[in-house]
């Protein structure tokens, strides 16, 4: 009986060892699930310096580029995650995200390509396109007199980019600000405060139904008449917009609020300040879909809280700006920043929301690749084939080890 007990105990201990071994084999290294500050400190220590140097030169020549790159990054993150899928070109068999109707006006691609080329010259094949874009967007804020944001890196590039995914990850036509807040919470684990803080980095893609109180009644505004996806454009009309404190928008984004509000020809949005309406009509003539106007006419290239003062004063350019006043939480945030004596709180809030956004769907280690060209997935290579073969041999050896252990336990 004692021998049987010892045998049973040995079998139990062996089973525990087998279970632990299987768990260790199946479990990915902890670093795979996490981004980290300074991920390139050893493999490409100059990476962040290279990005900043290139962005400094480009933004110095074209200040509006800062908003474009910031917006490009947010559009990438909210569709499939921050894995550079927005940078991939369409192919003969598939239309990519960048060619989706909602993304027709998004820009900044050439800037990312130029920076990636510099990084590959310094450290060939080390820095991903996803991190190149993330760092460029981070530096867009810094170079616009916004906060410096310590940004975790280590992202790798995805290999899927499908135009249909854009609409699936955007608010549905007719969405209210409440719907958008709910979408942020359920799909992205972001809060109403994040919506207010990140306003413009992504919401410019969206059609938002506002509700305005006129006299004693509530009028639901027609989505086709006030939203950015108006019949005249049917695509995102804010190519230069990042967070709406910097950047520009096309007249096609605001004209429905100036000339065809609520479907009434010649009517303007009564929630838009009358003097600002007159100013905008001077910049955007009827039928003009191409002219660019500043999202923040006072400090158009400075990352500051003036945007919130404009929104609070009914001088927000876009319907998505005005919609922030329709929810208690976002309205309270607008009010607090409109009356702030320092940008410090906004800067801290933006940094936190930006980092949270930058982690959405990030790929790490073997879950992604380092693209040779940001616009194309890597072709099959002998190195990739060899890596796959090594992985198969490892799994085969592991299976054999477990089988041997299982037999030993039975015996």
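Keep in mind that glycine also has a Cβ here, set from the backbone N, Cα and C atoms.
Taken from TrEMBL, the feature signal peptide applies to 1-33. The domain 'Plant heme peroxidase family profile' annotation in TrEMBL covers 34-378. Among the features that TrEMBL reports, disulfide bond is placed at 44-123, 77-82, 129-374, 251-284. The site 'Transition state stabilizer' annotation in TrEMBL covers 71. The Ca(2+) 1 binding site feature in TrEMBL is assigned to 76, 79, 81, 85, 97. Annotated substrate binding site per TrEMBL: 171, in sequence order. Marked as heme b binding site by TrEMBL: 244. Among the features that TrEMBL reports, Ca(2+) 2 binding site is placed at 245, 296, 299, 304.
For residue 245 (Ca(2+) 2 binding site), the Cβ neighbour count at a 10 Å cut-off comes to 28, with all displayed protein chains included. Distances between the Cα of residue 44 (disulfide bond) and those of the binding-site residues 81, 97, 296, 304 are shortest for 81. Closest in space to residue 81 (Ca(2+) 1 binding site), of the recorded positions given as 71, 244, 245, is 71, taking the CA atom of each residue. Residue 304 (Ca(2+) 2 binding site) sits 10 Å from the residue listed as 'heme b binding site', taking the C-alpha atoms as the reference points. For the Ca(2+) 2 site, the Cβ centre of 245, 296, 299, 304 serves as reference, and the other residues of the chain with Cβ at most 8 Å from it are 246, 298, 300, 302, 303, 305, 306, 307. Its Cβ taken as reference, residue 304 (Ca(2+) 2 binding site) is surrounded by 20 other Cβ atoms within 10 Å in the chains shown.
Looking at 81, 171, the binding-site residues in this record, the fewest other C-beta atoms within 10 angstroms of the C-beta turn up around 81. Shown are the binding-site residues 85, 299; of these, the residue with the fewest other Cβ atoms within 10 Å is 299. Taking the Cα atom of each, residue 284 (disulfide bond) and residue 296 (Ca(2+) 2 binding site) are about 15 angstrom apart. Residues 76, 79, 81, 85, 97 make up the record's Ca(2+) 1 site, and a Cβ search at 8 Å around their centroid adds 75, 77, 78, 80, 82, 83, 84, 86, 158, 161, 165, 361 from the same chain. Each of the disulfide-bonded residues 82, 123, 129, 374 was scored by other CB atoms within 10 A of its CB, and the lowest score goes to 123. Taking the C-alpha atom of residue 171 (substrate binding site) as reference, the shortest distance to any of the recorded positions 85, 97, 251 belongs to 97.
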